[in-house]
Structures are given as C-alpha cells and as structure tokens.
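Visitor: What TrEMBL shows for this protein is this:
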type     : residues : note
DOMAIN   : 20-260   : domain 'G-protein coupled receptors family 1 profile'
TRANSMEM : 6-31     : transmembrane segment
TRANSMEM : 38-66    : transmembrane segment
TRANSMEM : 72-95    : transmembrane segment
TRANSMEM : 116-138  : transmembrane segment
TRANSMEM : 158-177  : transmembrane segment
TRANSMEM : 209-228  : transmembrane segment
TRANSMEM : 240-262  : transmembrane segment
Amino acid sequence: LALNPWDVVLCISGTIISCENAIVVVVIFYTPAFRAPMFLLIGSLATADLLAGLGLILHFAFVYFIPSEAVSLLTVGLLVTSFTASVCSLLTITIDRYLSLYNALTYYSERTVTRTYIMLILTWGASICYGLLPVMGWNCLKEPSACSVVRPLTKNHLIILSVSFFTVFAVMLQLYVQICRIVCRHAHQIAVQRHFLASSHYVTTRKGIATLAVILGTFASCWLPFAVYGLLGDYSSPALYTYATLLPATYNSMLNPVIYAFRNQEIQKVLWAVCCGCFSSALPFRSRSPSDV
C-alpha cells in the first residue's frame, strides 16, 4: 500500500499517547500510596489511553507490514475497547468527584472503595463487549455497503458508539453543573465564615469554574466532531473527513494525562523524586479529595 500521511500522523500520535500514559500507569502501579479510589480511576483512564496508543501503532504496523483481515478486526476491536474505556473512565472520574462533594462526610469509607471497583468492572466489561462485536462477526467485510466511516465497523455499530458518547457527555455535563453549584456554595460559605472579601470568593469560584470548563471543553472539542460525523457519514463518505475527525479524538487520550494525572500534586512528587533519583515507594502522601479539580 502507498503510505498515507494521515496514518503516519495517527501512528505518531499513538506513540506519544503510549509514552505519556505508560508513565502514569507505572507511577500508580509501583506506588503503594496510590491505592485510593481516585488514583484507581486515574489508573483506569491511563490504562485505557495506553491501550489506545498501542492500538494506533499496531494498526499502522499491521496495515502496511502484515495486511490481514483477521488482524485488522483484532486491532479495530482493541481500539474500540480502549477508546470506549477511556470515555467511560472519564465518566467514572466525574461521578467520583461529584460524590466526593455531595457525600463528603461518608466519602472516605469502604462503600466508596466497593463502588469504585463496581464502576471499574462495569466500565471495562461494557468496553470489552463493544470491542468484541467486530471480532465476533458484526463487521462489514462481506457487505461493504453496510460499512460506516470506519471500516470494518458497521454503520449500526458506529451509531451505537456515537449515541453512547452523547449519553456519556450529557451525564458528565449535568454532573459538572452540579459540581459547579456545590463548589460555588462551599466557597461562599467559607468566605462568610472566615470573613473573606467578596473578591476572594469571586476568584476562588472563577478558578473552579474555569477548571471545569477546560475539562469539559477539551472532552467535547476532541470527541464531538467524530461522534457527529459517525452519525451522518457512511461508507461512501470521503476518507479525508474520517481522518480529520478521528485525529482530534486521539488528542483526548494525549491530553488526559496532563489534565487528570500530571496536575495532581502527589503524582508530581513521585515524578520529581524519580527525576532526582531518590524514588521511594514508601513516600508519604496526603491524598487530596478528587473534588480538587
């Protein structure tokens, strides 16, 4: 096959994604202090994005060096599983942040740990089921007219994925609106109790809202174009549009470590310790609430 520049860009994107998220996975896995629900969810997100990056690399390698329909189905299944798990992990993180504010007094309990494991099981169970569909026969290899903008996924399969994304986005939007209201109310109460100036309350509230806007804005700008195009396009649509909308979607996996992991103070401490050559898995930490967005 002639080398497609878009495939090269996707492969480079996958390499960057893999490197970033591999760092997060290693740090969380090898640091015993990172066993709190918040870090488990961040680890799930990083694992999903790591698999997505590896899937992009493998897809490029198999298309140009080992062309095979069976292998193509496996790599597409891996990509569907990993990207679905990434989006669902973002939802679980949002739910966790909301509950940490809504049920602040009971958040640090065994119930939270149990709920976290349940969310992880549901996230990866649903993602694996979505990813297995092409491998188990729901593909368009024998009927090209049933293909979606992403071959060999069928049009119906991609519609289900797009609708699922819109559902997740709607739930996240609603939860972040509720989080914003709780944060504003808490900031106002603290300002009144400590006799802070109104400007201080305004600055704190504005910072919280800006952070939430960045989180939602990044997620929407990365995934919305591809989700909309997945609903509107079909097998006859130009491949250029598919690449132009799929590439920004991969950027979400590239930005997730920056937004959810590298901004975390505890993870920053471990990374600095590793860079200084003084890494110790027994470093003391004070895990922040996941509501510190």
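The backbone N, Cα and C atoms fix where each Cβ goes, and this holds for glycine too.
Could you tell me the structural context for the features on the list?
Guide: Sequence-distant neighbours of the transmembrane segment (38-66) (same chain, 6+ residues past either end, Cβ-Cβ under 8 Å): 1, 3, 7-8, 10-11, 13-22, 24-25, 28-29, 72, 75-76, 78-79, 81-83, 85-86, 89-90, 92-93, 96, 116-117, 119-120, 123-124, 127, 250, 253-254, 256-257, 260-261, 264, 266, 287-290.
If one looks beyond the transmembrane segment (72-95) by at least 6 residues along the same chain, the residues whose Cβ comes under 8 Å of a Cβ in the stretch are 41-42, 44-45, 47-52, 54-56, 58-59, 62-63, 116, 119-120, 122-124, 126-128, 130-135, 139, 141, 150, 152-153, 161, 164-165, 168, 171-172, 175-176, 179, 219, 223, 249, 252-253, 256, 260, 290.
The list of residues near the transmembrane segment (116-138) in space but at least 6 beyond its ends in sequence, with Cβ under 8 angstroms from a Cβ of it, reads 37, 40-41, 44, 48, 73-74, 76-82, 84-85, 88-89, 91-92, 95-96, 152-154, 157, 160-161.
Taking Cβ pairs closer than 8 Å, the transmembrane segment (158-177) reaches residues 80, 84, 87-88, 90-91, 94-95, 97-98, 130, 148-150, 212, 215-216, 219-220, 223-224, 227-228, 230-231 in its own chain, all 6 or more past its ends.
Panel annotation: around the transmembrane segment (209-228), residues 87, 90, 162, 165-166, 169, 172-173, 176, 179-180, 183-184, 244-246, 248-249, 251-252, 255, 259, 293 of the same chain, lying at least six beyond its termini, place a Cβ under 8 Å from a Cβ of the stretch.
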